[in-house]
Amino acid sequence: MGKSNSKLKPEVVEELTRKTYFTEKEVQQWYKGFIKDCPSGQLDATGFQKIYKQFFPFGDPTKFATFVFNVFDENKDGRIEFSEFIQALSVTSRGTLDEKLRWAFKLYDLDNDGYITRNEMLDIVDAIYQMVGNTVELPEEENTPEKRVDRIFAMMDKNSDGKLTLQEFQEGSKADPSIVQALSLYDGLV
């Protein structure tokens, strides 16, 4: 197992370099770290949650990590292979603002129907609040997930149909400096 998994085949490296914002050397370095942490070459939801717990020790990141895991797991087989990992990492850490917003939209669109409903956003925002715990002091108008979602929908849901399209989400996010800043701070954390 050890030697055969320690390096990616050149054609795989080339393909991942084409599909990501990483150089060949970076892809190899990420692969080395991935295999060190995941000797089987795959990461399951439990392992993914453990990683998030290291970053958010004062809250409970379990629910949020599960949502992120589901976006990373492109083929929906319950495991993240290296190619899925590196492509998601590329978008979240080095992608354009539009790429990051499309990725975030997939995160919020829990049932993959092309819309973000108020309940879907509430699930994600609630998970974020659980994850950060009491480490972040929130303004009065956003101190509950419900208040935050109400504020977001008031700003983004232009046609007041109770759901956000990708376009509404992108335009609304770009109009809110705190969202743009959050996406930038998030670089590489995912």
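Cβ atoms are placed via backbone N, Cα and C, with glycine included.
Here Swiss-Prot flags GLY2 as N-myristoyl glycine.
Computed over the domain 'EF-hand 1' (24-59), the whole-number mean pLDDT of the model equals 94. Residues annotated as domain 'EF-hand 1' in Swiss-Prot, with a curator's inference given as evidence: 24-59.
Look at Swiss-Prot and you will find 60-95 tagged as domain 'EF-hand 2', backed by sequence analysis.
DSSP assigns GLU84 (Ca(2+) 1 binding site) to a helical segment in the three-state reduction. With a 10 A radius on its CB, GLU84 (Ca(2+) 1 binding site) counts 18 other CB atoms from all the protein chains. If you look up Swiss-Prot, you'll see ASP73, ASN75, ASP77, ARG79, GLU84 marked as Ca(2+) 1 binding site.
For 96-131, the entry in Swiss-Prot reads domain 'EF-hand 3', with the evidence type sequence analysis.
The Ca(2+) 2 binding site annotation in Swiss-Prot covers ASP109, ASP111, ASP113, TYR115, GLU120. The Cβ of TYR115 (Ca(2+) 2 binding site) has 18 neighbouring Cβ atoms from other residues within 10 Å, across all protein chains displayed. The DSSP secondary structure for TYR115 (Ca(2+) 2 binding site) is coil.
Summarising the annotation, Swiss-Prot assigns domain 'EF-hand 4' to 144-179.
ASN159 (Ca(2+) 3 binding site) falls outside any helix or strand according to DSSP and counts as coil. Summarising the annotation, Swiss-Prot assigns Ca(2+) 3 binding site to ASP157, ASN159, ASP161, LYS163, GLU168.
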Out of the binding-site residues ASP77, ARG79, GLU84, ASP157, LYS163, give me the one sitting nearest to ASP111 (Ca(2+) 2 binding site) by CA distance.
LYS163
From the centroid of the CB atoms of ASP73, ASN75, ASP77, ARG79, GLU84, the recorded Ca(2+) 1 site, which same-chain residues not already listed sit within 8 A by their CB, in sequence order?
GLN42, PHE72, GLU74, LYS76, GLY78, ILE80, GLU81
A 10 Å Cβ contact count, applied to the binding-site residues ASP111, GLU120, ASP157: which residue has the minimum?
ASP111
Please identify, among the binding-site residues ASP157, ASN159, ASP161, LYS163, the one with the smallest Cα-Cα distance to ASP77 (Ca(2+) 1 binding site).
LYS163
